[in-house]
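Some notes on the structure that comes next.
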Amino acid sequence: MAWPLFTFTLAILSLFIHYGVVYSSVDGSRRTTTMLLPLFPPKNTSRRAEISRRQLLNSPANARMSLHDDLLINGYYTTHIWIGTPPQKFALIVDTGSTVTYVPCSSCKKCGNHQDPKFQPEMSSSYQSVKCDKACPCDLKRQQCIYERRYAEMSSSFGLLGDDVISFGNLSELGPQRAVFGCEIAETGDLYSQRADGIMGLGRGDVSIVDQLVGKHVISDSFSLCYGGMDFGGGAMVLGGIKTPAHMVFTKSDFGRSPYYNIELKEIHVAGKPLKINPRVFGGEHGTILDSGTTYAYLPEAAFIAFKSSVMKELHSLKQIKGPDPSFNDICFSGAGSDVSQLAKNFPHVDMVFSDGKKLTLSPENYLFKHLKVRGAYCLGIFPNGKNPTSLLGGIVVRNTLVTYDRENERIGFWKTNCSELWDRLNLSPPPPSPSTPVLSGLDNRNSTAHMSPSPAPSKPPGYNIPGEVKIGIVTFYLLLSVNYLELKTRIPELAHLIAQELDVNVSQVRIMNFSMKGNDSLTKWAVFPAGSTDYMRNATAMEIIGRLAEHHPLLQDSFGRYKLFNWGIEPPTERKHWPRNYLVLVVPFLVVFIVGASAPVGWLIWRRRLEQALPYEPVGSVETVAHEQELQPLK
């Protein structure tokens, strides 16, 4: 009986393992498809593939990529690329004002600590150095081309040029491409201290990633950026052409005047009234420049004064307050409430009028930023540009606006939309990573209207499988207390309750992540998690928490002694709640097998006991026993 039972157990195990493997495979495939095709899963794959092959003959592919909002802490947007074979991942600031894409090199001795490891050329089988020729500055010692970039805020980057395979992620229909990039060996200023790894240069120049891809004829001469709103952040980027939305407004960009992407801004209207200034004020030096690497907007002195005065005349029920940082003379107002979608009730709309009379209407989130210390307060995100006559429009001006840089036709288009739902708004679905995915064909450049109204703020945060994914998973901070380990250990629940109360969150959201001793002091790392069962928190919520931390909250009781709060920041969501779906089918059968295996000896003993009880007892030496023994033949 033991052997058949063992065989039966193995059969059950094999069946469950087979089923588990199949289930895991199918589920994994379904999750990949869901991430890449969130809107329109294919109903007829063979027909879809045939359409794809036909379109591929008529139109270049494009690289669709998600943008990540780091405005809360660092004031920029990043995207992810992968370099080398095998690929090494990097988070790069999206910058239309830069012409070189660069990442820190493993040999860099003067590079800061960034969010990803440095690029290791020696670990990439596809890496090639760019040898010196007449077309590039040369490092004579290495006989390799070099680059150097210096920026207005006094930061700089210097390094060697390399050539390797660059991949754009699993949303991209464009496959990996060889491209020249910078391998940093020195950086200074903000580039040294920033969390992002480097810069993705989208400007106009031979080494620009856009120029290189266009030169290879793998994308059309165009790209688009869509920055998320004040609350949800994120966004999307497309390298290459997309079908132009019907209501996109284009204005001319004079490529011959400036190496930067400029527009011909003629007037600014506040609440429908033009600023009382000379329109030529916006045409100084390089004109009006769009720069995705700049956070805010900067106007010539005369234009800024007129703009500030016109906005303040429209604010009837708000109170002017001091800014969050005493080092700056920010112009801020309280009493507007925390609902971004209702800001238009307190702040005026602003129109940017181009030279051809077309308008781009800005909602309040396009010229305001949230006060970090006062809830329901906002500050002007437009500043004077000192003595510089150039008007500089940074990312704040194009929040929830799809901006298409149509380089082929030397024009720039604007379309107000919800960037967190861009694929849906464009009636597109991110393609799967198969070579036979559909390719967008054709560019519809017709412009049917000259005016756009602001798109309302989204009513709910986006999911992970669409552009504009909310990146903030937790808010972290360190707390150093002058209390010894043994005393503090028993008071952790009390401390968590105080932190939750001071940060205005539920105590279940506050968790201690690390605990160590520093002499007689205790160093603790804390995290504030999203409320409920969600995997991420809204930007507005994270901003309020960080604002309180910046005010040196929480304020603890004297019984906790002296304390210091420092190093607060944000971290992306962690993948959780997925393992049971994949591994439960493996865990359950093993539990079944274990239970069956453990019960088998017990069952065998019970069966043996019952068998013995069913047979009559016969003592040794009884007559029948002797008789049976006599039947045995003796050995010869």
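For all residues, glycine too, the Cβ spot is worked out from N, Cα and C.
All TrEMBL annotations are machine predictions without curation.
Annotated in TrEMBL:
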ACT_SITE  D95  active site
ACT_SITE  D291  active site
DOMAIN    77-415  domain 'Peptidase A1'
REGION    426-463  region 'Disordered'
SIGNAL    1-24  signal peptide
TRANSMEM  583-607  transmembrane segment
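For D95 (active site), the count of additional Cβ atoms within 10 Å of its Cβ stands at 22 [all protein chains shown]. Within its own chain, D291 (active site) has D95, T96, G97, Y260, Y261, L392, L393, G394 as residues 6 or more apart in sequence whose C-beta sits under 8 angstroms from its own. Per-residue pLDDT, averaged along the domain 'Peptidase A1' (77-415), amounts to 93 for this model.
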